[in-house]
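Worksheet for the structure shown next.
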Amino acid sequence: MYYFPKGTAHSLQGMEDENEVLLCFDDGDFSRVGTTFMINDWITHTPKSVLAKNFGVPEGTFDTSWNPDPSVVNSTVSMKNVTGPAGELMGNSSYVFHSHPSQHKEVPGRGGTIQIVDSRNFPISKTIAATVVTLKPGGLRELHWHPTAEEWLYFHQGTARATVYIGAGNTRTFDFQAGDAGVFPDNSGHYVENLSETEDLIYLEIYKADRVADISLGQWLALTPSDIAAAAINVPIEVIENIKKEKQLLIDPHFA
């Protein structure tokens, strides 16, 4: 994963095979004028005499720079590694996070694995946090909500269903498949269910925050005095007493 702070000049290049890149921004109107620009568009709209003076080249040097679609251009695979006078960006200043299968952790509930990428293990990422979720067939991302940020989702593999509750009886259920995206408002109760009985569900949770944070409905009930929790939802006390006190992040129904 890469993280580029606001205003940082950057580029992304595909290698020899075909590449797909998912871009996430902490501003929903990121492409508006005055927010994002392309280098060749800037050069095209700068006087040739100024370009010549700035770069010390003949005025006609940039005559071919104009491109009707400056966002994606054909190029060659570069093997050059350019280091600036200040040296490489390392450690807490690094813009890249390298993922490894060992970082995908089994979690309570036995329903799959998660990998959290936020400012705790990717310090430069101050405005975006993410979780990579792999949910086993039939599994459930437990009922929960996020107190600090909206949740934006991108579904990479599989089929899913989610119901979002925003209060006062307002709920809506959505079905998702690979390539779909969704958003859950902050402090909205929800779950994500893997509808397949044979295929893992893989999706991303993205937050406009420096850290991933959630509150488990089950854990909240379990850590509330059982008589109070039972009275609040009108169930026998034994139901509350049998709820696990540890978050069951990804639930495998075969072990529930």
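Any Cβ shown, glycine's included, is placed from N, Cα and C.
Any TrEMBL annotation is an automated prediction that lacks curation.
Record features, source TrEMBL:
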type: ACT_SITE; residues: GLU205; note: active site, proton donor
type: BINDING; residues: HIS10; note: Mn(2+) 1 binding site
type: BINDING; residues: HIS144, HIS146, GLU151, HIS190; note: Mn(2+) 2 binding site
type: DOMAIN; residues: 104-241; note: domain 'Cupin type-1'
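Feature map: TrEMBL annotations on the structure.
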residue: HIS10; record: Mn(2+) 1 binding site; Cβ contacts under 8 Å, 6 or more apart: TYR2, PHE4, TYR95
residue: HIS144; record: Mn(2+) 2 binding site; Cβ contacts under 8 Å, 6 or more apart: GLY189, HIS190, TYR191, ASP214, ILE215, SER216, LEU217, LYS247
residue: HIS146; record: Mn(2+) 2 binding site; Cβ contacts under 8 Å, 6 or more apart: PHE184, ASP186, ASN187, TYR207, ALA213, ASP214, ILE215
residue: GLU151; record: Mn(2+) 2 binding site; Cβ contacts under 8 Å, 6 or more apart: VAL183, PHE184, ASP186, HIS190, GLU205, ILE206, TYR207
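There are 21 other CB atoms within 10 A of the CB of the residue listed as 'active site, proton donor', with all protein chains counted. Each residue in the domain 'Cupin type-1' (104-241) gets a DSSP state, and the totals come to 19 helix, 65 strand, 54 coil. A sphere of 10 angstroms centred on the C-beta of HIS190 (Mn(2+) 2 binding site) encloses 23 other C-beta atoms. Across the domain 'Cupin type-1' (104-241), the prediction's mean pLDDT works out to 96. Taking the centre of the Cβ atoms of HIS144, HIS146, GLU151, HIS190 as the Mn(2+) 2 site, the nearby residues of that chain (Cβ within 8 Å, site residues left out) are TRP145, PHE184, SER188, GLY189, GLU205, ASP214.
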